[in-house]
Amino acid sequence: MAATSANPTSLGVDAHSDPLSAPTHSSADAPECHIIQHEHASVTPTCSCSSKETKSLVSASTSSSLTGCSKHTAEGYFVPKNVLVGYVMLVTVIIAMIALVTGFAVRSSCGLAALSSTEALLALNGSSSRSGAAVERPRDIRLPVDVFPVHYRLELRPVLNPDFRFYGEVDVVFMCKTPVRSLTLHMKDLAVNESMIGFTADENNDAPKMLNWKEDRVRQFLTFTFKADLLPGVKYNVSLKFSGKLNDELRGFYRSKYERDGTTSWLATTQFQPTDARRVFPCFDEPIFKATFDITVVRPANMISISNMEVMRQDTRAENLVADVYNRTLPMSTYLLVIVVCDFTNKEKVADNGVKVRVWTRPDALAQGEFALDVAVQMLTHFENYFGIPFPLSKFDLIAVPDFIAGAMENWGAAVFREGMMLYDAELSPASSKQLIAIVVAHEVAHQWFGNLVTPKWWDTLWLNEGFASFLEYHGVDFAFPTWQMSQMFVIENIHDTFESDALNTSHAIQLPVYHPDEIGEIFDRISYGKGCSLIRMMRHFLGEETLKKGLKSYLTAFSYSNAEQDDLWRHLTEAGRQDGKYIDVKMVMDSWTLQMGYPVITITQDYSSKNVRVYQQHFFIEPETSASSAERSESGFAWHVPLTMITASDRNYDKPKQLWLSKENKTVNELLSPQNEWILVNVRQTGYYRVNYDERNWKLLITQLNTDRMKIDVINRAQIVNDALTLARAAYLDYAIAFSTTEYLIGEQDFLPWVSCLKALEFVDAMLQSSEHYGLLKAYILRQLRPIYIILGWGDSSTDSHIQQLQRVEILQAACYYGHDNCVENAKLIFTRWMSNPEQNKISPNLKSVVYCNAIRYGNAEEWDFAWEMYKKTTTTSEKRQFLTSLTCSREPWILNRLLEWSLTSVHIRKQDGDLVMSLIAQNPVGRYLAWNFFRERWNEIRLRYAGVIGGLGHLINALTRSFNTPFELLELETFITDNQDTMTLGQRAFRQAVEKARANIGWRKRNLAAIVKWLENIRR
């Protein structure tokens, strides 16, 4: 992202008219070496310099001292003897230093060459770059715990076009637990007005004198030092005035815009999670430091403001400004504060619990907010009943902003959404958009309890926030829309989706130490979200729904308006279980899942003569070479307490399956189960977070059952069998002949879930075979399987179809067209051509737009692409805009894709929040795969700055660009890029390590499996 500038010498404001316009100390663009001597200072001034600046200062000083002794004559310079001797000695010293440095560099470079790229990445935190700039992330960035905030009085005044700045003042009321002589706050990219710093104590105490204050820009600290101790029991107040830039980085206090009637409308909005409140005002910017807030927002009279609470009063200010003074907040963390200044309009409903719910949108999109409004009203009531704890605020706002880096943000009482995650137009938006909006709204409402009311102490337990909200979003939408089958959707969208990344050797525990803000941003990933909610779903099944609810209510009640850790939750759930007669040590069980990475594969081996079944666990890795060493890992703790559920062919009680525990200490159990020659099915409805492998005979019995009467196996387990088999084969646990055999029955499958599960699992095989001469065999097989369901679903999309059928039709049509089904391609091209001729008359069904747009562009030329681009620019419906943008990446013309890549960074028509999506989708296009990778490498510095600090970091983009790498040449390119850019690779380190691991695994996969897959496909064709 672009760097923020807040140079106090270029504020663009009359220094005499506004005390905030004349700061003399700034964290934004202040000189790297500066004298620190502030208004209250009584210490000797100090000079703070970077190593680079120190060298230049020393050189300047040396040069000055030498030339100052020389004399200039007409013939040149006369140099005294003592100076000449000095020169000679200096040159000698320099030569000696160069020799030493050169020798060290040679040895260092030799050592570096011996490192793999992964090792090089692991060494980054402790090494210096070739330019001499350290890439080390400081870890001591936590604030002292002996001082804590009580209350903030915060006033902010954003100034939009053309200045794009904000001005503010804050009173931070704080106390201390022990006597201290300093106060440290967080601050970043702010210019502080020195002359307006104040410090007082409550009315019964004297405030000690402030000696000085200084800023540590590396740790983002602002520290005040006092002459005497600050004492426990006394409330102190530090007052500051400051200013900053309304940036375009989508974090902190930033600007956004939209077009309205041919003119540009600007707005200012905030995004503070996880560590960007410090960019807007000096504060205790850690989740553990909760306090109340009195917020005042100064705005133009023709605009409105929105914050966490309702407006208490409005005061008129000079220059046609209005100050909105808000009611005091409840105690909360800084990252949950929100301020929006805009010209939006709203629509309001009152929930059954009396809470006022409003949606805020740009004026021409208000009708598109009605669906989100209805969902929010239902969710507030549902979760209040579910938790048994009232929503504590009088209102809940949903705000759709044009530019937003995340999907949405759960600010207490005023959630902010990306427009595509909140705006729905029944005439133009597909069913998938409707489902996504319901999911996201439910997620943010669930956060009002899990995350806002009770907040983790630190970001290492982020999963408590995101895992529970991700689990509860399905619970809430299932309540509101029971026919959508959300409990089935959960399996493919979370468990299957997370399994791959969690099977890497470079995965991480769901709870892990994080220190630097860059590290915090990187853990907003599928492990925290997808694995988190999958583990909670597993816990619900072994505890029971009512026990889980009882434990959650107890936990939320005990820690309301405070902070907690995962052990606190385990304690309350264990007690709830004990009260219900379930004596499960929840901490013992769940620590085995949250404190170590990965998950097990459970192997089932039957002795068909004795009816004895052996069950054992092993750490599952996607790469067989890693799996081979996993036994050693298991001895050091990589084992789990696994809740097993089982059924057999003759005892198919899916609602009450047989249950037993496979303990962490006893990794193998022997169980007497079934009559001879019957299949066993483990992990019923895939409630457990683990994969299952069987002996060959049991696999064949399951395959026979699928082919003869698939309905005797639950639809979730049908999806599980296919997904497990294909992934186990990928990791060399199972022959591909068996794995592919599990997909044969799909020729008669009509349910949505198994088809989506299969197609997603086959994406890997597709990517590995794309450049192979045998790819046609795979295409032919998949098309053969698709034909019956393609005929059943067809192109006749109707609003009377069930929600699931609408989703399924799109998936099947998209797959059929992708693999070149003639009728599918011709239909897409024909519908697009008719639409081009008369867009108003020949409208396309919202559900079919993505299929039609993409395939008409894929099999068309520049004419289709240009028409879609013009329609993309014209539409004001967010969901349709996204359909156009994703479809534009389907082109097979390299020059068009290269142009779109360039526009992803430079075009005013592609928002910054969407640029990485464009690059990712082009990377998944077979034609665009190398184009995107080359573009990423060429523009690395621009891309890394553009997305620095973004939630999730660069991880998603790096994964998309490299997921298909499967040749030694591609691996070499990746490793070379990592090595060449170590000095700038402070972001995305984990993603790059995973990319290398995946590339090596893919190379090994092709060597092991290509011949076997080709043989099976050739046999099935016959």
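Using N, Cα and C of the backbone, Cβ positions are placed for all residues, glycine too.
Not measured: the values here are computed from a predicted model.
Here TrEMBL flags GLU444 as active site, proton acceptor. Positions annotated as Zn(2+) binding site by TrEMBL: HIS443, HIS447, GLU466. Annotation source TrEMBL lists compositional bias 'Polar residues' at 1-10. Taken from TrEMBL, the feature domain 'Aminopeptidase N-like N-terminal' applies to 149-336. Summarising the annotation, TrEMBL assigns domain 'Peptidase M1 membrane alanine aminopeptidase' to 371-593. Annotation comment: TrEMBL describes 679-1000 as domain 'ERAP1-like C-terminal'. Marked as site 'Transition state stabilizer' by TrEMBL: TYR529. The transmembrane segment annotation in TrEMBL covers 84-106.
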Notebook entry, point to check: Residues with Cβ closer than 8 Å to the Cβ of GLU444 (active site, proton acceptor), same chain and 6+ apart in sequence?
Noted result: LEU398, ALA408, MET409, GLU410, ALA415, PHE417, ALA469
Check: What count of other C-beta atoms do you get within 10 angstroms of the C-beta of HIS443 (Zn(2+) binding site), across all chains shown?
Finding: 27
Item checked: For HIS447 (Zn(2+) binding site), nearby residues of its own chain (Cβ under 8 Å, 6 or more apart in sequence) -> GLU410, ALA415, ASN465, ALA469
Item checked: Stretch-averaged pLDDT - the domain 'Aminopeptidase N-like N-terminal' (149-336) -> 96
Notebook entry, point to check: In sequence order, what residues of the same chain, 6+ apart, have a Cβ less than 8 Å from the Cβ of TYR529 (site 'Transition state stabilizer')?
Noted result: TRP463, GLU466, GLY467, SER470, ASN494, THR498
Next item on the list: Would you list the other residues of this chain near Zn(2+) - those whose C-beta lies within 8 angstroms of the C-beta centroid of HIS443, HIS447, GLU466 - in sequence order?
Entry: GLU410, GLU444, ALA446, PHE450, GLY451, ASN465, PHE468, ALA469, SER470, LEU472, GLU473
Notebook entry, point to check: Including all protein chains displayed, how many Cβ atoms other than that of GLU466 (Zn(2+) binding site) lie within 10 Å of its Cβ?
Noted result: 23
